[in-house]
Amino acid sequence: MNPHATPILALSLVLGTTITISSNHWVLAWTGLEINTLAIIPLISKSHHPRAVEAATKYFLTQAAASALVLFSSMINAWATGQWDITQLNHPTSCLLLTAAIAIKLGLVPFHFWFPEFLHGSPLMTALLLSTLMKFPPLTLLLMTSKSLNPTLLTAMALASAALGGWMGLNQTQTRKIMAFSSISHLGWIAIILVYSPKLALLAFYLYTIMTSAVFMALNKIKALNLSMILTSWTKTPVLNATLMLVLLSLAGLPPLTGFMPKWLIVQELTKQEMTPAAMAIAMLSLLSLFFYLRLAYHSTITLPPNSSNHMKQWYTSKPPSTPTAILASLSILLLPLSPMIHAIV
């Protein structure tokens with residue numbers, strides 16, 4: 001790929017995201033989503049590997065279908081109400097179609113099938129973009145229309161996502177697939193609270209983005225595409241591996257790490273909304289995710305393979321982690337004491 005193409009594509013991603021999150025008109029929001037889709041496809045397929053080309057094709061087809069549904073939903077609403085304003089989504093068929101379209105874009109169950117296979121075919125840093133930044137514009141549309149959405153439907157999709165994301169991640173050995181099912185599971189937590197507390201849903205997404213970015217950057221640093229590669233990376237990057245273990249436990253939602261905060265606040269809010277059975281169900285389903293996070297942490301730090309290297313100081317030759325990785329890892333581990341202040345804002 002031409003070296004000048006990457007900054008142009010990055011600028012297009014920022015432009016598309018900005019257009020979607022700042023627009024009030026459905027056509028403008030749709031335009032931003034399309035710019036995002038067209039900008040990310042060259043980044044996915046730039047390696048020219050058959051799996052990367054397959055991933056780019058799958059991504060284009062699913063996103064095109066979802067964008068068509070968004071446009072169709074907004075046209076039905078405009079036909080019935082005369083409104084193109086995003087916040088004025090009142091037609092029941094439009095609400096149902098929009099929920100389906102955004103679920104496809106986010107990878108929520110039952111529209112999740114494309115996401116793990118697609119992430120598996122992408123480079124690690126492109127997979128990071130697709131797991132975080134590319135989910136922000138569709139999630140913004142859900143937040144703007146949250147008052148019109150069906151809470152029962154979203155709750156059912158959220159519980160199914162938490163269950164399937166945890167269940168399907170149990171037997172995976174590829175790190176990108178594990179992170180894909182982790183993303184599906186976390187989106188379940190975000191979707192279940194979205195109608196009742198949009199600010200809390202946004203907070204959960206921000207914290208998920210910070211923790212996932214830290215994991216992907218660490219995996220990219222040690223070039224770990226599967227569990228066996230994590231096993232052998234301890235001798236080269238011991239500090240990074242120990243940090244990766246803590247960030248993974250934070251993603252699992254264990255106290256006293258940052259990841260415990262959104263789950264705690266979401267369960268508290270669901271209980272206030274008299275949705276105790278849903279809160280209990282999603283809390284129990286998070287144990288499935290906890291298992292494969294512990295499995296990753298076990299492979300990265302807790303167990304060590306026999307070291308065949310005769311050079312005792314081999315790991316001193318590796319470069320230290322980058323500053324963004326260090327900052328994101330620190331935020332992923334240490335933010336829980338700020339919970340009272342964050343809860344007051346939310």
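Note: Cβ is positioned from N, Cα and C throughout, glycine not excepted.
Feature annotations, courtesy of TrEMBL:
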- 23-288: domain 'NADH:quinone oxidoreductase/Mrp antiporter transmembrane' (DOMAIN)
- 290-342: domain 'NADH dehydrogenase subunit 2 C-terminal' (DOMAIN)
- 56-76: transmembrane segment (TRANSMEM)
- 96-115: transmembrane segment (TRANSMEM)
- 152-171: transmembrane segment (TRANSMEM)
- 178-196: transmembrane segment (TRANSMEM)
- 202-219: transmembrane segment (TRANSMEM)
- 239-258: transmembrane segment (TRANSMEM)
- 278-298: transmembrane segment (TRANSMEM)
Intrachain residues whose Cβ lies under 8 Å of the transmembrane segment (239-258), provided they are six or more past its termini: 182, 186, 207, 210-212, 214-215, 218-219, 221-222, 230, 233, 286, 289-290, 293-294, 296-297, 300-302, 320-321, 325, 329, 331-336
Local confidence of the domain 'NADH dehydrogenase subunit 2 C-terminal' (290-342) - pLDDT mean: 74
Tertiary contacts of the transmembrane segment (278-298), as residues 6+ beyond its ends and Cβ separation under 8 Å: 155, 158-159, 162-163, 165-167, 169-170, 172, 175, 178, 181-182, 185, 188-189, 192, 227, 230, 244-245, 248-249, 251-254, 263, 266-267, 270-271
Residues of the parent chain within Cβ reach of the transmembrane segment (152-171), under 8 Å, 6 or more residues beyond its termini: 96, 99, 103, 108-110, 112, 116, 177-178, 181-192, 194-195, 275, 278, 281-282, 285-289, 291-292
